[in-house]
Amino acid sequence: MQQHPSSEVNANQRIARISAHLDPPNLQMENAATVNRLNCRAKGGTAGYKVAILGAAGGIGQPLAMLMKMNPLVSVLHLYDVVNTPGVTSDISHMDTGAVVRGFLGQQQLDEALTGMELVIIPAGVPRKPGMTRDDLFNINAGIVKTISEAIARCCPYAIVNVISNPVNSTVPIAAEVLKKAGTFDPKKLLGVTMLDVVRANTFVAEVLGLDPRDVGVPVVGGHAGVTILPLLSQVKPPCSFTPKEVDDLTYRIQNGGTEVVEAKAGAGSATLSMVTELPFFASKVRLGRTGAEEIYPLGPLNEYERAGLEKAKRELATSIQKGVSFVRK
(Lines of atoms letter the chains of each structure in order from A; the text may use other names.)
(Lines give C-alpha, C1' and ligand atoms only; values in the text may rest on other atoms or scores of the structure.)
Protein backbone atom coordinates (compact mmCIF):
# COMPACT_ATOMS: atom_id res chain seq x y z
CA MET A 1 0.00 0.00 0.00
CA GLN A 2 1.46 3.36 -1.06
CA GLN A 3 1.03 6.45 1.10
CA HIS A 4 -0.67 9.35 -0.63
CA PRO A 5 1.74 12.33 -1.06
CA SER A 6 -0.62 14.72 0.72
CA SER A 7 -0.77 12.39 3.74
CA GLU A 8 3.02 12.39 3.93
CA VAL A 9 3.09 16.21 3.81
CA ASN A 10 0.50 16.42 6.58
CA ALA A 11 2.45 13.94 8.69
CA ASN A 12 5.66 15.94 8.23
CA GLN A 13 3.86 19.12 9.24
CA ARG A 14 2.55 17.49 12.42
CA ILE A 15 6.03 16.20 13.26
CA ALA A 16 7.47 19.69 12.75
CA ARG A 17 4.88 21.15 15.09
CA ILE A 18 5.65 18.61 17.80
CA SER A 19 9.38 19.22 17.36
CA ALA A 20 8.87 22.94 17.80
CA HIS A 21 7.46 22.27 21.26
CA LEU A 22 10.12 19.74 22.21
CA ASP A 23 12.91 22.18 21.35
CA PRO A 24 11.48 25.71 21.30
CA PRO A 25 14.05 28.35 20.24
CA ASN A 26 13.82 30.40 23.46
CA LEU A 27 10.10 30.79 22.90
CA GLN A 28 10.97 32.63 19.69
CA MET A 29 10.80 36.11 21.24
CA GLU A 30 10.17 38.27 18.17
CA ASN A 31 11.49 41.83 18.48
CA ALA A 32 12.48 40.89 22.04
CA ALA A 33 8.83 40.75 22.98
CA THR A 34 6.17 38.61 21.30
CA VAL A 35 5.96 34.94 22.17
CA ASN A 36 5.74 33.61 18.62
CA ARG A 37 4.48 30.07 19.00
CA LEU A 38 4.30 27.85 15.94
CA ASN A 39 0.68 27.70 14.85
CA CYS A 40 -0.05 24.42 16.56
CA ARG A 41 -2.48 25.53 19.22
CA ALA A 42 -6.13 24.64 18.89
CA LYS A 43 -7.72 27.14 16.55
CA GLY A 44 -10.65 28.00 18.81
CA GLY A 45 -13.14 26.28 16.51
CA THR A 46 -16.21 27.85 18.08
CA ALA A 47 -16.76 31.60 18.21
CA GLY A 48 -15.90 33.07 21.59
CA TYR A 49 -14.46 36.03 23.39
CA LYS A 50 -11.02 37.40 22.63
CA VAL A 51 -9.64 38.13 26.09
CA ALA A 52 -6.49 39.96 27.20
CA ILE A 53 -5.09 39.80 30.73
CA LEU A 54 -2.72 42.66 31.51
CA GLY A 55 -0.53 41.71 34.46
CA ALA A 56 -0.76 38.01 33.63
CA ALA A 57 2.44 36.99 35.43
CA GLY A 58 1.37 38.28 38.84
CA GLY A 59 -0.31 36.66 41.82
CA ILE A 60 -3.78 37.43 40.48
CA GLY A 61 -2.91 37.24 36.79
CA GLN A 62 -1.66 33.65 36.77
CA PRO A 63 -4.70 31.94 38.34
CA LEU A 64 -6.92 34.28 36.32
CA ALA A 65 -5.17 33.15 33.13
CA MET A 66 -5.81 29.54 34.10
CA LEU A 67 -9.51 30.24 34.71
CA MET A 68 -9.83 32.03 31.37
CA LYS A 69 -8.13 29.14 29.57
CA MET A 70 -10.64 26.77 31.20
CA ASN A 71 -13.61 28.93 30.19
CA PRO A 72 -15.37 27.54 27.09
CA LEU A 73 -16.55 31.06 26.17
CA VAL A 74 -12.95 32.16 25.51
CA SER A 75 -11.46 31.47 22.07
CA VAL A 76 -8.34 33.67 22.15
CA LEU A 77 -6.35 34.51 25.29
CA HIS A 78 -3.60 37.15 25.24
CA LEU A 79 -1.27 37.24 28.26
CA TYR A 80 0.70 40.44 28.81
CA ASP A 81 3.13 41.57 31.47
CA VAL A 82 6.40 43.46 31.80
CA VAL A 83 8.20 40.36 33.17
CA ASN A 84 7.93 36.56 33.14
CA THR A 85 5.28 36.27 30.43
CA PRO A 86 7.03 33.49 28.44
CA GLY A 87 6.90 31.00 31.30
CA VAL A 88 3.28 31.73 32.17
CA THR A 89 2.30 31.54 28.50
CA SER A 90 4.02 28.20 28.00
CA ASP A 91 2.45 26.77 31.16
CA ILE A 92 -1.10 27.95 30.42
CA SER A 93 -0.91 26.97 26.74
CA HIS A 94 -0.44 23.30 27.70
CA MET A 95 -3.95 23.09 29.15
CA ASP A 96 -6.18 20.88 27.02
CA THR A 97 -8.86 23.44 26.19
CA GLY A 98 -9.61 25.21 22.92
CA ALA A 99 -8.52 28.79 23.58
CA VAL A 100 -5.50 29.97 21.61
CA VAL A 101 -2.89 31.40 24.03
CA ARG A 102 -0.40 34.07 23.01
CA GLY A 103 2.11 35.87 25.21
CA PHE A 104 3.41 39.44 25.08
CA LEU A 105 6.36 40.82 27.02
CA GLY A 106 7.18 44.46 27.70
CA GLN A 107 5.47 47.76 27.06
CA GLN A 108 6.55 47.78 23.41
CA GLN A 109 4.16 44.85 22.88
CA LEU A 110 1.18 46.33 24.78
CA ASP A 111 -0.63 47.56 21.66
CA GLU A 112 -0.20 44.20 19.93
CA ALA A 113 -1.54 42.40 23.00
CA LEU A 114 -4.69 44.56 22.93
CA THR A 115 -5.46 44.75 19.21
CA GLY A 116 -8.82 43.16 18.44
CA MET A 117 -9.62 42.19 22.04
CA GLU A 118 -13.23 42.12 23.25
CA LEU A 119 -12.59 41.76 27.00
CA VAL A 120 -9.61 43.29 28.82
CA ILE A 121 -8.93 42.34 32.44
CA ILE A 122 -6.40 44.46 34.34
CA PRO A 123 -4.75 42.99 37.47
CA ALA A 124 -1.52 44.88 36.61
CA GLY A 125 0.38 46.82 39.25
CA VAL A 126 1.85 46.17 42.67
CA PRO A 127 -0.02 44.43 45.52
CA ARG A 128 -0.49 45.86 48.98
CA LYS A 129 2.15 45.10 51.58
CA PRO A 130 1.70 45.07 55.38
CA GLY A 131 1.10 48.57 56.69
CA MET A 132 0.07 49.90 53.28
CA THR A 133 -3.36 51.26 52.53
CA ARG A 134 -4.88 51.14 49.07
CA ASP A 135 -4.10 54.83 48.77
CA ASP A 136 -0.41 54.06 49.31
CA LEU A 137 -0.55 52.15 46.04
CA PHE A 138 -1.98 55.07 44.15
CA ASN A 139 1.19 56.75 42.92
CA ILE A 140 2.44 53.51 41.34
CA ASN A 141 -0.72 51.86 40.07
CA ALA A 142 -2.41 55.06 38.87
CA GLY A 143 0.26 55.56 36.22
CA ILE A 144 0.07 51.92 35.13
CA VAL A 145 -3.71 52.02 34.70
CA LYS A 146 -3.50 55.33 32.83
CA THR A 147 -0.96 53.91 30.35
CA ILE A 148 -3.01 50.75 29.83
CA SER A 149 -6.24 52.73 29.35
CA GLU A 150 -4.59 54.88 26.69
CA ALA A 151 -3.57 51.72 24.84
CA ILE A 152 -7.11 50.31 25.13
CA ALA A 153 -8.51 53.49 23.60
CA ARG A 154 -6.10 53.08 20.66
CA CYS A 155 -6.31 49.34 20.05
CA CYS A 156 -9.65 47.98 21.27
CA PRO A 157 -11.89 50.98 22.05
CA TYR A 158 -15.09 48.90 22.17
CA ALA A 159 -13.80 46.22 24.55
CA ILE A 160 -15.34 45.53 27.95
CA VAL A 161 -12.74 46.56 30.55
CA ASN A 162 -12.51 44.99 34.01
CA VAL A 163 -10.21 46.84 36.44
CA ILE A 164 -8.76 44.84 39.34
CA SER A 165 -5.71 47.06 40.04
CA ASN A 166 -5.99 48.79 43.41
CA PRO A 167 -7.09 51.24 44.63
CA VAL A 168 -10.13 50.32 42.51
CA ASN A 169 -12.10 53.27 43.89
CA SER A 170 -9.60 55.54 42.09
CA THR A 171 -8.28 53.43 39.21
CA VAL A 172 -11.73 52.99 37.62
CA PRO A 173 -12.23 56.78 37.45
CA ILE A 174 -8.72 57.07 35.95
CA ALA A 175 -9.67 54.62 33.19
CA ALA A 176 -12.95 56.46 32.64
CA GLU A 177 -11.26 59.85 32.27
CA VAL A 178 -8.71 58.48 29.79
CA LEU A 179 -11.44 56.84 27.70
CA LYS A 180 -13.55 60.02 27.82
CA LYS A 181 -10.62 62.03 26.49
CA ALA A 182 -10.30 59.56 23.63
CA GLY A 183 -14.05 59.67 22.94
CA THR A 184 -14.46 55.93 23.56
CA PHE A 185 -16.00 55.82 27.06
CA ASP A 186 -19.02 53.56 27.49
CA PRO A 187 -20.20 53.33 31.13
CA LYS A 188 -21.67 49.87 30.50
CA LYS A 189 -18.27 48.54 29.44
CA LEU A 190 -16.02 49.84 32.23
CA LEU A 191 -16.25 47.83 35.44
CA GLY A 192 -14.23 47.67 38.64
CA VAL A 193 -14.03 44.14 40.03
CA THR A 194 -15.31 44.04 43.62
CA MET A 195 -16.69 40.50 43.66
CA LEU A 196 -14.02 39.57 46.21
CA ASP A 197 -15.96 41.52 48.85
CA VAL A 198 -19.09 39.47 48.08
CA VAL A 199 -17.15 36.21 48.30
CA ARG A 200 -15.70 37.19 51.67
CA ALA A 201 -19.09 38.32 52.96
CA ASN A 202 -20.69 35.03 51.94
CA THR A 203 -17.93 33.08 53.67
CA PHE A 204 -17.93 35.07 56.92
CA VAL A 205 -21.73 35.08 57.22
CA ALA A 206 -21.88 31.36 56.47
CA GLU A 207 -19.43 30.73 59.32
CA VAL A 208 -21.73 32.55 61.75
CA LEU A 209 -24.85 30.76 60.49
CA GLY A 210 -23.22 27.34 60.22
CA LEU A 211 -24.11 27.07 56.52
CA ASP A 212 -22.33 26.18 53.31
CA PRO A 213 -21.06 29.50 51.81
CA ARG A 214 -22.44 28.37 48.45
CA ASP A 215 -25.93 28.58 49.95
CA VAL A 216 -25.47 32.14 51.26
CA GLY A 217 -25.91 35.42 49.36
CA VAL A 218 -24.82 38.73 50.86
CA PRO A 219 -25.24 41.91 48.77
CA VAL A 220 -22.18 44.17 49.10
CA VAL A 221 -22.30 47.69 47.65
CA GLY A 222 -20.35 50.95 47.68
CA GLY A 223 -16.67 50.57 46.83
CA HIS A 224 -13.64 48.37 47.39
CA ALA A 225 -11.81 49.80 50.38
CA GLY A 226 -12.53 50.09 54.10
CA VAL A 227 -15.77 51.85 54.99
CA THR A 228 -16.79 52.10 51.33
CA ILE A 229 -17.42 48.33 51.45
CA LEU A 230 -21.01 48.09 52.71
CA PRO A 231 -22.47 44.62 53.30
CA LEU A 232 -26.28 44.70 53.37
CA LEU A 233 -26.76 42.14 56.12
CA SER A 234 -30.51 42.88 56.31
CA GLN A 235 -30.83 41.37 52.82
CA VAL A 236 -28.91 38.12 53.40
CA LYS A 237 -30.28 35.00 51.74
CA PRO A 238 -31.50 32.76 53.26
CA PRO A 239 -33.34 35.30 55.45
CA CYS A 240 -31.85 35.52 58.95
CA SER A 241 -31.30 37.98 61.77
CA PHE A 242 -28.16 39.08 63.60
CA THR A 243 -27.57 40.74 66.95
CA PRO A 244 -26.17 44.29 66.84
CA LYS A 245 -22.80 42.89 67.98
CA GLU A 246 -22.80 40.34 65.16
CA VAL A 247 -23.63 43.07 62.65
CA ASP A 248 -20.75 45.22 63.90
CA ASP A 249 -18.28 42.34 63.90
CA LEU A 250 -19.30 40.98 60.49
CA THR A 251 -19.28 44.43 58.90
CA TYR A 252 -15.82 45.16 60.30
CA ARG A 253 -14.40 41.84 59.14
CA ILE A 254 -15.87 42.15 55.64
CA GLN A 255 -14.52 45.70 55.32
CA ASN A 256 -11.08 44.65 56.49
CA GLY A 257 -10.84 41.24 54.81
CA GLY A 258 -8.16 42.49 52.41
CA THR A 259 -6.00 43.80 55.25
CA GLU A 260 -6.41 40.45 57.03
CA VAL A 261 -4.97 38.63 54.00
CA VAL A 262 -2.13 41.11 53.43
CA GLU A 263 -0.99 40.84 57.04
CA ALA A 264 -1.30 37.05 57.06
CA LYS A 265 0.84 36.81 53.90
CA ALA A 266 3.45 39.10 55.48
CA GLY A 267 4.16 40.95 52.27
CA ALA A 268 4.01 37.99 49.86
CA GLY A 269 0.84 39.16 48.07
CA SER A 270 -2.72 40.36 48.35
CA ALA A 271 -5.84 39.18 47.74
CA THR A 272 -17.93 45.88 40.34
CA LEU A 273 -17.93 49.49 40.29
CA SER A 274 -20.79 50.75 38.10
CA MET A 275 -22.85 53.93 37.98
CA VAL A 276 -25.69 54.30 40.53
CA THR A 277 -26.78 56.79 43.28
CA GLU A 278 -25.62 60.40 42.84
CA LEU A 279 -21.97 59.29 42.67
CA PRO A 280 -20.46 58.70 39.23
CA PHE A 281 -19.14 55.30 40.40
CA PHE A 282 -20.67 52.93 42.93
CA ALA A 283 -20.40 49.16 43.40
CA SER A 284 -23.67 47.30 43.03
CA LYS A 285 -25.00 44.05 41.65
CA VAL A 286 -25.26 44.04 37.87
CA ARG A 287 -26.40 41.68 35.13
CA LEU A 288 -23.58 41.16 32.66
CA GLY A 289 -24.09 40.48 28.98
CA ARG A 290 -22.25 40.69 25.69
CA THR A 291 -22.31 44.50 25.81
CA GLY A 292 -21.17 44.82 29.43
CA ALA A 293 -23.37 45.77 32.40
CA GLU A 294 -26.80 45.43 30.84
CA GLU A 295 -28.76 46.02 34.04
CA ILE A 296 -27.92 47.60 37.42
CA TYR A 297 -29.98 46.18 40.26
CA PRO A 298 -31.36 48.60 42.90
CA LEU A 299 -29.97 48.64 46.42
CA GLY A 300 -33.23 47.44 47.94
CA PRO A 301 -34.53 48.47 51.36
CA LEU A 302 -31.82 49.52 53.84
CA ASN A 303 -32.16 49.53 57.62
CA GLU A 304 -30.96 52.42 59.76
CA TYR A 305 -27.52 50.90 60.35
CA GLU A 306 -27.03 50.43 56.59
CA ARG A 307 -28.26 53.93 55.73
CA ALA A 308 -25.68 55.38 58.11
CA GLY A 309 -23.02 53.14 56.60
CA LEU A 310 -24.05 54.22 53.12
CA GLU A 311 -23.49 57.89 53.95
CA LYS A 312 -20.00 57.10 55.29
CA ALA A 313 -19.24 55.03 52.21
CA LYS A 314 -20.38 57.77 49.85
CA ARG A 315 -18.23 60.43 51.51
CA GLU A 316 -15.11 58.27 51.39
CA LEU A 317 -15.85 57.02 47.87
CA ALA A 318 -16.38 60.55 46.53
CA THR A 319 -12.88 61.50 47.72
CA SER A 320 -11.31 58.44 46.08
CA ILE A 321 -13.16 59.07 42.81
CA GLN A 322 -12.02 62.69 42.72
CA LYS A 323 -8.44 61.58 43.35
CA GLY A 324 -8.55 59.41 40.23
CA VAL A 325 -10.22 62.09 38.10
CA SER A 326 -7.70 64.73 39.20
CA PHE A 327 -4.77 62.44 38.35
CA VAL A 328 -5.79 62.41 34.69
CA ARG A 329 -6.95 66.04 34.45
CA LYS A 330 -3.89 67.62 36.10
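Keep in mind that glycine also has a Cβ here, set from the backbone N, Cα and C atoms.
In TrEMBL this protein carries:
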ACT_SITE  His224  active site, proton acceptor
BINDING   Arg128, Arg134, Asn166, Arg200  substrate binding site
DOMAIN    50-192  domain 'Lactate/malate dehydrogenase N-terminal'
DOMAIN    194-275  domain 'Lactate/malate dehydrogenase C-terminal'
DOMAIN    279-327  domain 'Lactate/malate dehydrogenase C-terminal'
Confidence summary (mean pLDDT) of the domain 'Lactate/malate dehydrogenase N-terminal' (50-192): 95
Whole-number Å value for how far His224 (active site, proton acceptor) lies from Asn166 (substrate binding site) (Cα to Cα): 9
Sparsest Cβ surroundings (other CB atoms within 10 Å) among the recorded positions Arg128, His224: Arg128
Cα-Cα distance linking the residue listed as 'active site, proton acceptor' and Arg128 (substrate binding site), given in Å to the nearest integer: 13
For the domain 'Lactate/malate dehydrogenase C-terminal' (194-275), residues assigned helix / strand / coil by DSSP: 45 helix, 10 strand, 27 coil
The domain 'Lactate/malate dehydrogenase C-terminal' (279-327): DSSP-derived helix, strand, coil residue counts: 24 helix, 11 strand, 14 coil
Helix-strand-coil residue split for the domain 'Lactate/malate dehydrogenase N-terminal' (50-192), DSSP-based: 64 helix, 30 strand, 49 coil
Number of other Cβ atoms within 10 Å of the Cβ of Asn166 (substrate binding site) across all protein chains: 28
